Amino acid sequence: MKKKIRVAVLMGGKSAEHEISLASGREVAKNLDPNKYEVLPIIISNDGISFQLNNKKYPLSQLSIVNCQLFFIAMHGPYGEDGAIQGFLELICVPYTGSKVLASALGMRSKSTQSSYCKEERSTKTDLA
């Protein structure tokens with residue numbers, strides 16, 4: 001039998017979208033094939049300084065203690081989609097889903113994204129309107 005891939009699902013976090021992120025994370029965890037994946041739900045606190053795993057609380061700085069092959073980012077808004085958590089995961093050298101730091105940061109800041117496209121001489125939606 002093939003060994004299951006351990007996936008940590010990151011949810012919650014320091015954002016107005018904390019509760020939505022929890023719902024997203026639970027859906028991801030529920031829908032990963034249990035024959036292929038061992039899911040570790042990880043809840044990042046509202047203040048963003050700790051996480052909960054198996055009903056035990058740890059400082060966020062200790063996220064590297066989580067033994068998994070992949071972090072699935074199910075966090076929304078600032079700290080989840082803006083490159084912050086991506087940068088942190090890169091600093092602790094763990095693989096994660098989604099865009100890298102720069103793409104995430106640019107994607108959250110539409111003016112910066114538009115400016116980047118303009119520098120590359122690409123048209124944006126506002127240019128076409």
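Note that Cβ sites are derived from N, Cα and C of the backbone, with glycine treated the same way.
Taken from TrEMBL as is:
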- 6-54: domain 'D-alanine--D-alanine ligase N-terminal' (DOMAIN)
- 65-99: domain 'D-alanine--D-alanine ligase N-terminal' (DOMAIN)
*Take the domain 'D-alanine--D-alanine ligase N-terminal' (6-54) and average the pLDDT across it for me.*
96
*Please spell out the DSSP helix, strand and coil residue counts for the domain 'D-alanine--D-alanine ligase N-terminal' (65-99).*
9 helix, 5 strand, 21 coil
